[in-house]
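Here is the structure we will look at, set down as structure tokens.
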């Protein structure tokens with residue numbers, strides 16, 4: 001009997017596996033590289049590379065409580081070359097995954113669901129502590145699932161989740177997915193890192209943070225991936241890197257954050273970093289009461305924290321209250337040239353009805369907003385740019401994290417959550433239409449149709465090496481699942497089309513469960529992995 005099973009109180013729908021893992025949320029097995037059929041249109045000649053999407057996929061069917069966020073990371077990749085596609089699904093072989101695979105049972109606690117009643121929580125914690133003392137589980141190797149996102153920096157591909165360090169990933173020439181190991185260049189054992197680092201492709205700088213249950217509750221740091229020269233294995237589960245002068249630069253502990261908060265993402269402009277401090281907070285003491293240590297504090301006023309991009313300490317950091325502003329993800333940020341660089345503009349989906357974020361995601365509405373931060377007056381103004389419920393928003397990656405000049409972008413592509421966590425379509429929003437009285441700035445929309453749901457879109461430029469190319473000259477790609485036919489497809493849409501016209505649909509040989517974030521890696525980069 002697995003620890004806690006049989007002593008849990010009745011399971012809430014948010015942690016009842018019969019509900020959480022129903023339909024296309026159910027896990028799938030691994031699939032080796034398999035050729036796919038293009039069933040609609042044709043794959044564009046310029047679209048060569050791999051689209052990889054991350055998401056939760058439990059290795060074992062849960063017999064006790066389980067939350068959507070608890071699943072082991074599984075990568076689903078479509079590799080495209082010469083108009084042909086190959087599909088592959090593989091688990092990220094984290095320390096947690098391999099430990100539990102070798103034990104043929106769950107070993108590490110699920111933070112979003114394990115603490116379900118005092119008796120069950122005590123039973124689970126006692127069993128895990130016993131495994132640590134017996135040398136069966138070493139927390140120094142991490143406990144993450146690497147189930148959230150992917151990032152490409154330093155010529156390397158990584159799978160990430162904020163409770164651990166990144167895991168290196170390699171795609172083979174035949175489209176298979178290999179886990180290289182845990183990337184420990186960023187810090188010491190027990191260190192964590194955001195699943196949404198920001199990479200400045202012009203300067204070689206990377207920006208990241210980690211949060212903690214004890215002071216400092218937030219730590220900001222920079223790294224320079226151009227310093228990485230090679231990898232070398234030290235054991236089966238760990239990779240280290242040979243570096244020149246060290247890869248991780250000065251850390252900035254943020255002591256002005258007075259309690260542990262759930263900070264999933266942040267934004268970077270030319271000169272500044274913006275951190276959200278939302279109403280979603282950690283209460284580690286709740287574990288002793290048999291409760292999940294993450295909850296919403298309705299009495300807390302959300303804030304934004306602004307700190308110089310190259311700060312060496314937090315003396316120049318300041319916070320501004322922004323009532324009703326709870327963001328999970330940030331789309332982008334820049335500084336307005338017309339105002340002499342005195343305004344940071346940020347675009348982000350604001351989570352309304354945030355009290356339901358952990359238990360009833362179907363009741364959440366996310367309003368995509370333009371946020372202006374006046375650096376002189378230390379004030380914030382906001383306005384919505386779409387009436388739809390939008391999340392998982394992206395832009396043309398060439399317009400992210402620009403440093404050499406004041407730089408904004410025009411278009412945002414976002415998933416329509418109606419209701420969340422299912423995605424019914426994708427929209428294109430034109431920020432140039434946003435004024436104090438503009439209302440909805442949506443200029444293109446595609447709904448997937450009855451019973452069809454997709455995921456986060458990803459923009460791929462048609463001419464990535466052409467500096468004169470228009471910002472929206474490219475493709476939107478995503479996975480889409482038909483719950484009626486139980487087929488999954490890879491879609492390629494025309495980002496310039498007012499209907500986001502489908503240019504190609506690839507039928508996949510296996511169902512792709514709903515998941516989180518993805519990335520497209522060009523063929524030229526794949527060859528160097």
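Cβ coordinates are placed from backbone N, Cα and C, and glycine is handled just like the others.
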Exercise. Which of 141, 310, 329, 356 does TrEMBL put in the same Fe cation site as 196, 264, 517?
Worked result: 329
For this session: Measure the Cβ-based neighbour count of residue 517 (Fe cation binding site), defined as the other Cβ atoms within 10 Å of its Cβ.
Result: 22
For this session: Other than 196, 264, 329, 517, which residues of the same chain sit close to Fe cation? List them in sequence order, counting a residue when its Cβ is within 8 Å of the Cβ centroid of the site.
Result: 148, 149, 194, 195, 265, 328, 330
For this session: Based on DSSP, name the secondary structure state of residue 196 (Fe cation binding site): helix, strand or coil.
Result: coil
Seminar exercise, completed: Once DSSP output is merged into helix, strand and coil, residue 264 (Fe cation binding site) belongs to coil
Seminar exercise, completed: A correct count of other C-beta atoms within 10 Å of the C-beta of residue 264 (Fe cation binding site) gives 18
